[in-house]
Structures are given as C-alpha cells and as structure tokens.
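Right, one structure below, let's go through it.
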Ligand code: NAI
C-alpha cells in the first residue's frame, strides 16, 4: 500500500518506520523543514531505541518530505500523527489536525482512507468528516477512521510491531475501511476492537486515564504507608498477585508525566464537563499527581536543614527512562522547584537535554561523575538503568553529603547503606 504519514514526531516516525517494515511504501511528511532535512540526511531527531536501525533497514521504500500536498496526492491512505497539545485552559489544541485537514481538502482528487492516529477528544473525527464536506470534498472521496495509538515511548517499536490490540473506529456507513485497516496491519495477529468514531476516541482517553489513576492511587497509598512505616513495595507485591489487580503499573514515585497522560486526563475531564458530567475521580487523579513533586521536597526538608545554596544532583531529566522526551517531566518539575527554592542543581541524563527556559543555578553535565561532584544530596528522578546500577562506593567518594533520595524506588537500599550513605525512598521505612 502507498501510505502518507503526516507528522514526523514520536508517533509519526515510529509508525512510518514500522509500516515500511510491514512492506508498505511510506512517505512521512512534516511541516518542520529542519526535521525533514535531518531525516533525509539519515539523522533521527528523536531518541527511541531501535528506530535508527528500522529506518535504515527500510530506506528503499520509506521517504521523508516537506511537500505534504504531494505525499497526500500520491497515497491511498493518509495517516494523521500530528501533535494535539494542551491549550492554556486544558482543552486539546486541534489546530494542527485541522490544518492537515485543510491541506487534504485542497489536494484530494480520488478516494482515500484518512486515519487519525493523533489523540483527539470524543466527537473530533465526526467533526473532521463534516469539515471536509463543508470544504467541498465529495463524501465518496474519503472515509475517516479513528485508529488511536497505544505505543509507549522507550518501547515504541516493539509496541507497534506487536500491539496488544488494534482499535478501529468507523463512520456509520463505512463498508470498506476495516478491510483496508487489516491490510495495513496484516503482519500483526492481534485482536481488533471495532467501534464507532467516538468509541475509539473514548478508548484511547479511558486507557490513559485508567493508567494515570493507577499511578496516582499508588502514590496516595504510599503517603499513607509512609506514615505507618509500612513498606509500599510489600503492599505492591501483596496486591499485585491478585489477578483482578495485576502487578503492572503499581510503581510509586514522582508521578506521571510525558506528552500524553497529563494532557489526556485533563482533556477527558473537560470533555466530561462539556456534557455536564462532574468527573470527581479524574480531578482527584490530577490533584495527587500535581502535588507529588512538592511531597518529595517536603520530605527532603526533614533531612536537610536549609536548601539555600545546597548543591543537589538530580539524576534524570526525561519523564521516563529510554526516551529523550521531557514534556511534562516530573524530573524537570523537581529541578525547577529545587532551583526556585535556592538550591544549586546539577543534573545528568543519558539522552535528554534541559530546555533553554531552565537556567540560572541549574547546570546539566555531560557525564554523571561531574554532576555528582561535591553534591550535598543526590536525587534519582528517572529510573534509567545507569542509575539503578550505580556504584555507591564511587558515589560516596565523589559527593560531599550522604543523602540519596530514590524518588523512583529503583535502587537496592541495602547497597546504598553499605556504602555509608543515607537512603530515602518512597515509603520504604
Ligand atoms: P510530536 O510533537 O512529537 O510530533 C508532531 C509532529 O507533527 C511535529 O514534528 C510537527 O512538526 C508535525 N506537524 C504539525 N503540524 C503539521 C502539519 N500540518 N503537517 C505536517 N506535520 C505537522 O507529537 P507525538 O508525540 O508524535 O504525538 C502525536 C500524536 O500522537 C498526539 O496526538 C499524541 O497525543 C498522540 N500519541 C502520542 C504518544 C507518545 O508517546 N508520544 C503515544 C500515543 C499517542
């Protein structure tokens, strides 16, 4: 099949590479000329394990272009993977999606399947269909399919090659798109969930909101455990054996971040309010998450008399390991908070870079040892393998103080203590 993927970000690039690997001819288009130039030169603008290799492997039938109109014209299938960030009021910014639609309306001259991969609020795909018709596109020129993406950054390639399920939302009178979707994904043998357009949109939001709820729930439980001197790791194991609960996604720490959970939970809350539903739980999930960083700063204050001019090394900037994505990263929020209260923050991350907006008393180092040098306290904010396997005797020699705050419960407290350091975890008495 000839497929045009519109948007060369985390989702668009991964999708383009995987669909090319399935044997399709793929053109990945983006309005960001610099990004496209890099891709044409073989430079991959994001860090995602395995992506460079997959793009290289399929270079004969995977191209990159800043001429979106040309790619649209030549393709049978258009896959929209542009960003849908939050507006200031928390609503989803659909500007990029609708600008792609304008582009499609201008050039479409034969039947195409238009697949929305971008995460959009319930009702958006139906509105997209209405807009195309309003712009003069004959209804028989297109079908819109909602096909939300569930990949996780850091494991995006394997998540796309072997998804748990494929969700397909169809227009009421669409008799042909399901077969096309099955042809696109013919290499994958997974269950299909077929529903209407808002059904697919709701599945995506519900999935993210449910996962965010698990995180906030465990973070709230860890606060209670902390007060009763109960080890949250025992509680996690103890409940995780129950198949109705399952052991996954029960970790505690600085809270959820990234480009999806924060904006999608908020967007779902607004979608509920728009229809006069008061989403009490969704609101609570966000409140817990928003206060997590503050919790850790408060906790640290009981171990350090004064923050002013204290040198604190924060290990990790990205919102989770194996990605360079810093959007809504709790690690970054922690760095900013510590800087705000007068600390000198040294930081190190294997892949992520501090944004330009962070400056003053925050310095990012190229190597971990330099970042640790003479620190009063070390905080593990992102659970990269590199930090889990730290040589604590080396750390002891390099730092000035003795406090190690493991804000992800990812290291063995005994190893830290054996090196003569003090360990502060998340509800790990
Ligand atoms: P991103 O911000 O990394 O990439 C979006 C790309 O779209 C940018 O390169 C931008 O230049 C391009 N773009 C914007 N307007 C365009 C236009 N008119 N024509 C062509 N290109 C255009 O976004 P990301 O993270 O890839 O997310 C894309 C969508 O997928 C969002 O709706 C997001 O919520 C959803 N999603 C993201 C996941 C993730 O882990 N990042 C996972 C699942 C869904």
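Each residue, glycine too, has its Cβ placed from N, Cα and C.
The NAD(+) binding site feature in TrEMBL is assigned to 30, 35, 84, 119, 153, 263, 327. Secondary structure at residue 35 (NAD(+) binding site), taken from DSSP and collapsed to helix, strand or coil, is helix.
Packing around residue 153 (NAD(+) binding site) is summarised by its Cβ count: 25 other Cβ atoms lie within 10 angstroms of its Cβ, all protein chains included. Positions annotated as substrate binding site by TrEMBL: 150, 151, 152, 153, 204, 249, 250, 251, 252, 253, 257, 320.
Sequence annotations record features per position, and here TrEMBL assigns active site, nucleophile to 260. In the three-state DSSP scheme, residue 260 (active site, nucleophile) is classed as coil. Around the Cβ of residue 260 (active site, nucleophile), 27 further Cβ atoms fall within 10 Å across all displayed protein chains.
The domain 'UDP-glucose/GDP-mannose dehydrogenase C-terminal' feature in TrEMBL is assigned to 313-413. Residues in the domain 'UDP-glucose/GDP-mannose dehydrogenase C-terminal' (313-413) partition by DSSP class (helix H, G, I; strand E, B; coil) as 28 helix, 19 strand, 54 coil.
Distance noted between the C-alpha atoms of residue 257 (substrate binding site) and residue 263 (NAD(+) binding site) is 9 Å.
Taking only the Cα positions, the spacing between residue 260 (active site, nucleophile) and residue 250 (substrate binding site) is 18 angstrom. Ligand 1 lies under 6 Å from the Cβ of 84, 153, out of the binding-site residues 84, 153, 252, 257, 327. Comment: substrate site residues 150, 151, 152, 153, 204, 249, 250, 251, 252, 253, 257, 320; largest CA to CA distance 24 Å, whole number. In sequence order, 214, 218, 236, 239, 240 are the residues near residue 250 (substrate binding site), counting only same-chain partners six or more apart with C-beta under 8 A.
Contacts of residue 252 (substrate binding site) defined by a Cβ separation under 8 A and a same-chain sequence distance of 6+ are given as 218, 219, 221, 222, 232, 236, 409, 426, 427, in order along the sequence. Per the record's binding annotation for NAD(+), residues 30, 35, 84, 119, 153, 263, 327 show a top Cα-Cα distance of 24 Å.
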